[in-house]
Amino acid sequence: MFRRALRLRLGPCLSGPGLGTYRGGSTVDWDGKVSKIKKIQSIFPGGAWSPLYDTSHLPPERSDVVIVGGGVLGLSVAYWLKRLEKQQGAIRVLVVERDHTYAQASTVLSVGGIRQQFSLPENVQLSLFSAEFLRNINEYLAVVDDPPLDLQFNPSGYLLLASEEGAAIMERNVKMQRQEGAKVCLMSPEQLQKKFPWINTEGVALASYGLENEGWFDPWCLLQGLRRKLQSMGVLFCQGEVTRFISSSSHMESASGEQVTLKRIHEVHVKMDHSQEFQPVECAIVVNAAGAWSGQIAELAGVGNGPPGTMQGTKLPVEPRKRYVYLWHCPQGPGLEAPLVADPSGAYFRREGLGNNYLGSCSPTEVSSVGSGCRRRDGERVSLRSQASWEGPTRVLMSQSPLALNWGLFPPSPCPPRGPTKEMGDVWICPCVLDISPIPTSPYQEEEPDPGNLEVDYDFFQEKVWPRLAQRVPAFETLKVRSAWAGYYDYNTFDQNGVVGPHPLVINMYFATGFSGHGLQQAPAVGRAVAEMVLEGHFQTINLSPFLFGRFYFGEKTQEHCIL
Amino acid sequence: MLKYIIPTMMLMPLTWLSKNNMIWINSTLHSLLISLTSLLLMNQFNDNSLNFSLVFFSDSLSTPLLILTMWLLPLMLMASQHHLSKENLTRKKLFISMLILLQLFLIMTFTAAELIFFYILFEATLVPTLIIITRWGNQTERLNAGLYFLFYTLTGSLPLLVALMHVQNTVGSLNFLILQYWVQPMPNSWSNIFMWLACMMAFMVKMPLYGLHLWLPKAHVEAPIAGSMVLAAILLKLGGYGMLRITLILNPVTDFMAYPFIMLSLWGMIVTSSICLRQTDLKSLIAYSSVSHMALVIVAILIQTPWSYMGATALMIAHGLTSSMLFCLANSNYERIHSRTMILARGLQTLLPLMATWWLLASLTNLALPPTINLIGELFVVMSTFSWSNITIILMGLNMVITALYSLYMLITTQRGKHTHHINSISPSFTRENALMSLHILPLLLLSLNPKIILGPLY
């Protein structure tokens with residue numbers, strides 16, 4: 001408290017001698033010493049001191065809830081907190097976002113798709129509610145005197161293709177999805193050929209096509225709509241980086257007699273951009289919605305400080321993974337009815353705009369560990385190529401790669417179609433291979449792009465994405481890559497599903513992160529779930545208990561198998 | 001009186017010269033002992049007053065207030081221990097010195113025989129309070145709160161100085177003992193109307209009257225716990241006490257001048273109670289509840305009947321203890337959750353059952369449950385206003401209903417229901433906190449056995 005008052009009075013000259021020190025006891029040498037005393041210096045004309053220091057750029061000194069991360073998940077949590085509070089103005093919410101240009105945020109670099117075709121019922125419910133939210137967005141996010149939002153929702157649906165061994169699983173999943181209320185239909189290869197003549201149905205045994213509430217939309221518009229609404233509801237926004245958590249621990253004994261150390265976060269230090277200045281924000285609750293950097297925030301809060309194998313030593317397994325998205329032009333490509341097509345090999349594409357442009361990509365093969373790298377014999381859809389629903393197109397970053405785009409650099413003749421080729425480490429691209437043996441040696445770093453920057457690798461397109469696309473859609477044999485960008489997945493290395501809810505040991509930290517590529521489409525529903533957890537203490541509408549943090553310690557995977 | 005003033009002054013060297021780990025123990029214990037000596041004042045010889053000297057006197061109006069003041073110092077010290085534990089030693093000692101200084105001024109204010117002496121000390125109490133609010137309050141808004149508090153009270157009380165000077169010049173003395181016999185009825189003229197306003201406005205702002213109450217929610221909410229306690233329990237009563245004293249010289253102008261203020265208070269009492277129903281901040285709710293209760297006191301003092309005076313004095317003491325206790329309870333919540341928002345800390349009954357008992361008792365006394373002295377005060381006021389004008393019973397009845405509503409709303413929101421997730425691990429109640437609450441509620445409950453000691457001079 002003293003430090004705060006001191007800061008209030010001394011302003012930016014923090015490093016100067018403290019208020020309590022007595023400079024120079026003698027009055028002999030006036031001229032030199034006097035002008036060096038900071039206080040006197042500052043009250044000279046032209047001095048920079050003002051007694052009531054302007055702190056308008058700093059966050060407030062206290063807030064009830066601090067949300068770390070201003071992407072769509074963080075804003076969604078803030079929205080539902082303000083919406084579900086019983087009286088207006090009851091809770092003070094502060095959203096701390098490091099980069100207001102959202103240059104590296106996953107939300108705006110996303111492909112923007114939304115689907116209900118998951119294998120976990122909770123995921124289906126989350127997406128269903130989010131679709132309903134997006135459809136009625138102008139009732140949810142209405143602000144007086146502001147124009148309505150246009151999300152540019154293209155309800156074209158998703159088309160997931162399955163090979164022989166994945167067909168049974170797909171049928172089961174579709175049955176579950178229909179029970180939950182999603183409108184999905186199954187199509188045989190013949191029906192597929194009739195409906196979408198541009199598809200090559202070789203190797204496809206079954207397809208599931210979403211009829212309603214699926215498609216893609218503009219995530220930037222959603223973000224801006226949420227920001228606008230939140231500002232009207234009184235949520236404070238602050239640009240800064242969270243550098244420290246001040247917390248207190250208390251040692252308690254659990255019911256079974258073992259010692260636990262519970263932590264409670266008291267203050268969040270928010271550092272300003274390009275400056276040493278920071279503001280300690282006293283808070284009651286912290287929500288970690290930092291996306292790809294959630295792991296770092298969790299470490300700052302002390303999650304995972306402990307011997308491995310204990311709850312205390314369990315880290316938040318969310319790390320940034322870089323994924324590319326390529327935009328190409330193909331004059332003979334699929335028409336306006338084309339849904340977002342996901343090949344069993346992991347490549348996906350969707351139509352972008354009305355000029356025969358398409359967006360698409362493929363996630364790198366996951367070969368990080370033996371367990372998760374296996375494909376099962378019973379034909380379980382492999383989650384090797386992880387979590388594709390990497391969706392997102394609206395912001396296009398031009399890459400510097402010389403190989404890059406720029407129309408005209410590509411040979412006019414179509415490249416030879418590439419069939420199944422052998423990859424590094426004996427992983428076959430073609431999913432028809434029932435390869436049960438654990439994937440040997442190749443280190444996953446060769447597959448996973450380096451998440452240090454957002455540079456795009458066009459070789460990846462040439463070698464991995466294009467062949468698979470060309471095999472599935474013959475028209476894509478002739479295409480020109482216009483541009484590409486890369487973005488981060490907040491990748492949950494444990495089971496690629498989100499982490500929602502409070503941490504068992506750091507009492508007042510709640511998570512809303514780790515969705516590994518399908519965070520955008522579930523953001524409204526997840527925001528509501530976290531707000532219910534904070535305000536009521538339990539999930540009320542959708543039960544997300546399989547997504548709690550405890551599963552990392554207990555080892556219970558909530559695996560999502562329909563990863564796009 | 002020196003037997004109270006000298007020990008209180010000596011508490012200061014006690015604080016500064018104690019060993020580091022003994023400052024709280026020494027100051028709390030010694031102030032508790034001093035407060036017990038204040039009970040000697042109850043031994044009043046006659047119906048008039050107990051005169052110590054030409055400068056100090058105490059009668060049955062100032063005695064309960066004085067005992068409350070001295071009782072509150074150990075309680076304030078107990079309540080501040082936790083939030084000051086992180087400060088360095090000099091700051092702690094400074095804080096305790098501020099409290100002791102404030103206590104000293106308050107003791108002298110309540111026993112002042114001379115009205116100018118009273119005025120000087122009345123203003124002097126502002127200084128330590130301002131220092132406590134702005135220096136040790138929690139948020140940036142405390143600077144604003146301090147400004148509001150200071151300037152509202154100063155602006156209200158400067159005309160009082162002028163009026164007192166005038167009375168000194170005309171009547172010849174401002175000594176209360178003499179004034180009782182030398183005062184002459186004020187004829188009805190414009191200058192006397194302004195004189196009446198000048199005398200009363202200082203105390204109206206302090207009470208606070210509904211239209212001038214803006215400083216109170218700010219100051220109460222931003223002050224640290226000791227500041228809130230002393231503000232709610234004592235400083236508001238300074239206004240009431242002053243009004244009760246100064247009406248002696250203001251007759252019969254009060255008969256018609258009081259009307260607008262009675263109306264304002266009656267209306268304000270209902271409005272501030274209604275605001276309490278919509279508050280989300282716990283301390284803010286208790287602050288507005290104080291305004292509502294004090295509005296009753298203003299009405300009682302202005303209608304000037306024996307029963308209303310009795311009700312006013314009883315209500316002042318009862319509200320002092322209740323309000324202070326509610327602030328302590330809110331602070332115990334705040335120290336655990338670090339948020340004053342009510343909905344973030346719910347269902348505490350399952351986790352802290354003993355604290356829930358204190359919450360229950362405080363809420364019940366706040367809503368004036370029989371047979372507590374809160375009810376006695378309110379009942380006397382309601383009866384006397386009814387006989388003054390029949391219609392006021394509707395307003396008073398409405399106020400009692402709304403008071404009950406928000407007190408129970410506060411109780412149910414904080415104590416009942418399912419607890420929020422993040423309060424699973426709050427630390428259990430400290431013995432210090434339980435002692436604090438019991439020391440608040442015990443006098444309150446014991447007084448209901450013998451309320452005549454707080455009914456003031458007209459009993």
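Just so it is clear, glycine is given a Cβ too, placed from its N, Cα and C backbone atoms.
Keep in mind that TrEMBL annotations are predicted by a computer and have not been checked by a curator.
Record features (TrEMBL):
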DOMAIN    B:1-109  domain 'NADH:ubiquinone oxidoreductase chain 4 N-terminal'
TRANSMEM  B:21-42  transmembrane segment
TRANSMEM  B:54-73  transmembrane segment
TRANSMEM  B:94-110  transmembrane segment
DOMAIN    B:112-402  domain 'NADH:quinone oxidoreductase/Mrp antiporter transmembrane'
TRANSMEM  B:116-133  transmembrane segment
TRANSMEM  B:145-167  transmembrane segment
TRANSMEM  B:193-216  transmembrane segment
TRANSMEM  B:223-244  transmembrane segment
TRANSMEM  B:256-277  transmembrane segment
TRANSMEM  B:284-303  transmembrane segment
TRANSMEM  B:309-330  transmembrane segment
TRANSMEM  B:351-369  transmembrane segment
TRANSMEM  B:389-412  transmembrane segment
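Only sequence-distant pairs (6 or more apart) were considered; of these, fewer than three Cβ pairs between the transmembrane segment (B:116-133) and the transmembrane segment (B:284-303) are under 8 A, so the stretches are not in contact. For the transmembrane segment (B:284-303), the neighbouring stretch richest in Cβ pairs under 8 Å, chosen from B:21-42, B:145-167, B:193-216, B:256-277, B:309-330, is B:256-277. Here the transmembrane segment (B:54-73) sits apart from the transmembrane segment (B:193-216); fewer than 3 CB pairs are under 8 Å, leaving out pairs fewer than 6 apart in sequence. For the transmembrane segment (B:309-330), the neighbouring stretch richest in Cβ pairs under 8 Å, chosen from B:193-216, B:223-244, B:256-277, B:389-412, is B:223-244. Of the candidate ranges B:94-110, B:145-167, B:193-216, B:256-277, B:193-216 contributes the most Cβ pairs within a distance under 8 Å of the transmembrane segment (B:223-244). Summarised by DSSP class, the composition of the domain 'NADH:ubiquinone oxidoreductase chain 4 N-terminal' (B:1-109) is 79 helix, 5 strand, 25 coil.
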